[in-house]
Amino acid sequence: MNHPFTRPAGSGAELLGLWATLVAVPVAALPHAWEQPPWVTAFVLGAWIWRAAIHAGNARIPSLWVMTLLVLAGGALTVAEFGTLFGQQAGTALLLVMVALKLLEIRSRRDLVVTLFLAYFVVVTTYFFNQSIQIGAYSLLSAWVITAALIQVHGARRLEVTRLARRSAAMILHALPFMLILFLLFPRIPGPIWGQPEPDRSAAQTGLSDRMEPGDIAQLLENQATVLRVRFDGPVPPQHQQYWRALVMTGYDGRRWYADRNRPEIPSDDPEPTDIGYTATLEPTRERYLPVLEYPVALPGHATLQDNFQVTTRNRVDSRLQYTASARPDAPPGWPLAADERARTLALPAGAAPRARVQAGLWRASHGDDDMAIVQEALALFAGDPYRYTLRPPRLQGDRTDAFLFETRAGYCEHYASALAVLMRAADIPARVITGYQGGQWMDAGQYLRLRQADAHAWTEVWLEQAGWVRVDPTAAIAPERIETGLSGLFGDDADAPAFLRRSGLSWTGQWRLQLSDWYDLLTFRWESLVLAFDPERQEELFARFGLDATDWRSVLLALAMAFGALAAFAGALLWLRRPRSTRDVAQRALDRLCRRLNRQGLPRRPAHESAQHYLQRMRRARPELAAPLAHFAEAYLHLRYAPLDHPEQERYRMQLRQALREARLPRQRRFGWRAP
C-alpha cells in the first residue's frame, strides 16, 4: 500500500505532521540523555535517523519481523543494564525505547497522535530524576512543542510556524488554571507519587565530610554552590549566633580529625516561645548529617539527636530535603562528662605536637585548675601580631600543629580550630572540633538566609566543669569580622578572594553575574518552597483557611466544585465580553447613533419607507458641510451590510465608519434656535 507516510517528502500534507513529530520527540527526550545509559540515547537517535530516511524516501518502514527483533533487543538491553524492566530508571529506559520504535511504524495520523501522547509521558518521567526549576521550565517548553505538533497533525493544511506557536501557547495558558486548581486542591499523599528523584551515585560531591585536616575548608572557599536555605519563623538571629552545626569530630591521628560514629541517641527538648524556629532546605550532600542552628531543640521526625549534639538522618541526603527545627543559642549542653567520653576528648597520639604540649603545660602550671584562664591564654596567643587569617596558608611541614603554632602562624578557620583543640587536650581540658557553616548571605528579596559551601567553618568546643561543653571559636579572636559580618566583610577587599565575595570593585559584567546568581537562587527557593514543598500538611493549612478539612472527601469535592465553578463563571464572562460581533451589528449601531445625532438637530429619518441610503443622501443635501463624511459613512455602511468581505476589508471599513462618524459632528442647538454658522 502506497501510504502518504511511506512516500518521499512533498507527497502529501500529512507529512508535515510527521516532521512536527520528528521535532517534538527528541525535544521531549533530550533531558534523559544525561540520566540514561548511552545506549538508550543511541537507540533513540538511531530510530530517529531511520525514520527521517524513510521520510526522505531513502529507506523503508521495517517489517513485522524486524520490529519484533528490535523490541526484543530493546527489552534485553534494558534487563542487561538494570536487571529488571520495572522501576524508575529501567521503566523510563524501556519507555524511551518503545517511543523510538513507535517512530518507525508510523503509517497513519492515528500513529502520529499516539506517538505524541507518548512524548507527553516522556516529559513527565523527567521528574523521576530531576525536579529543579530548570526542568520545570523545560517541561513547559516540551509541552508547547508537542502541542504545536498535535495541532499540525490534526490540521487539514499547512500552518505557519508562528501561528502554530501562538495556538499552542494559548492552549497551554488556558490549561494552567485547571492545573493550578488540581495542584492545590486534589488530595495529596505523603511524599512524591513516584518517590524521590534517583540520586546520581557517580557524581562527585564537594562539601563537608566526616574527616577534616588543615586546608580542607579553605578549599571550599571557591565553591559558591548553595548548600542550605533557611527561613526563620521570627526575627533573624544576629550574625555571631548563626553557627550551623553539622559534624562533631573527636578522633585525631595527629593529622586528621574524624567525626564520631554510632553515638547514643538522646531525646530533644520541647520548644519554648523564646527558641529560634526555622525551616531549612538542604541540598543533596550524600551524607547523613543535618546542619542545625546551635543548639538544637525541636527536630523533625526523620532526624535523631546524638549525645554530642550532632543531628543525623536515617538515610543519606541524596535529594533535596526540607526540615523544620528550633534552636536555643544560649543553652549549651551541661550534663556530667562520662569517663570514657573524657578519655576520648583528651586523647592525643603519642609524640604528637611536642612543642604545643610544652606550651600547654606552662599555662597549666601558671593557672592551676582555672581552665577558663587557659582558654583565654590560647585565644590571646592567636590574637597576637604574628598570627594571620589567610586564604592562602603556607604548606605545613613535619608536625602540623607545631608547624602552624610556631612557624607559619598563618591559616584558615580549620587551622586555628585544630590547633586550639590540641592545645586544650595537652592542657588536660576535653576538647573537640565542630564543622558546619557560619553566617551566610541574607536574601532580602526572598526573606531567607542562603548558605554556600564557601560558608563552611570549623570551631572548637571545650569542656568546662561549671558550664559543660562551650563553644570557643578562635576565628573570633584573630578575625572577628568573619564572625560579625561574614566572609564578604572579611575578604571584601582581598584581590585573591572569589568574585562573589568582592561585591565592590567589580566590573559591570561581574556585578551583573552576581545579581543574576542571586535572582536565580531566589527563583530556586520559591520553586522549592511553593511547589516542591507543597505536601499534605501545607494542603491542610490551605483548606483550614477556608474552614474546610482536607482529610474529608466532602470538603475536597466542595472545594473542587467551588474552584471549577468560579473558573467556569469567569471563562463564561470573558467569552461573552469577547463574543464575535457581526459586521451587520457594527454598521447598524453606527447608523442608529448617527440618526439620533441628526434627530436632535431637527433632521429625523422618515418613518418606515426611507432607506438608509436615501436618508444619507437627503442629509447631504440638507447639510452640505457634512457631505464628505456622510458620503464616506454611506460607503462603509453599505459595504459592511451587504458586501462579502474578508477580515482585512472588514477592519478597513469599520475604521472608515468610525472616522466618518467622528467627522460628522454637528453644532449644538441653542435653546431658542440654531446657532448661526
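Quick reminder: no glycine exception, Cβ is built from N, Cα and C everywhere.
Bear in mind that TrEMBL entries carry predicted annotations, made automatically and left uncurated.
Taken from TrEMBL, the feature domain 'Transglutaminase-like' covers 405-476.
Here TrEMBL flags 64-80 (among others) as transmembrane segment. Here the transmembrane segment (64-80) has Cβ contacts under 8 Å with residues 39, 43, 90, 93-94, 97-98, 100-101, 104-105 of the same chain, all six or more residues outside its ends.
Counting same-chain residues at least six beyond the ends of the transmembrane segment (111-129), those with a Cβ under 8 angstroms from any Cβ of the stretch are 5, 17-18, 21, 24-25, 28-29, 31-32, 35, 88-89, 91-92, 95-96, 98-99, 102-103, 105, 135, 138-139, 142-143, 146, 149-150, 153-154, 194, 197-198. Look at TrEMBL and you will find 111-129 (among others) tagged as transmembrane segment.
Residues or ranges marked as transmembrane segment in TrEMBL: 135-156 (among others).
The transmembrane segment annotation in TrEMBL covers 168-186 (among others).
The transmembrane segment annotation in TrEMBL covers 556-577 (among others).
Distant neighbours of the transmembrane segment (556-577): 177-178, 181, 185-187, 543, 546, 548, 550; these residues of the same chain sit at least 6 beyond its ends, with a Cβ under 8 Å from one of its Cβ atoms. Across the domain 'Transglutaminase-like' (405-476), the model assigns an average pLDDT of 90. Counting residues of the domain 'Transglutaminase-like' (405-476) by DSSP class, helix then strand then coil, yields 23 helix, 32 strand, 17 coil. Distant neighbours of the transmembrane segment (168-186): 140, 143-145, 147-148, 151, 534, 539, 542, 556, 559-560, 563-564, 567; these residues of the same chain sit at least 6 beyond its ends, with a Cβ under 8 Å from one of its Cβ atoms.
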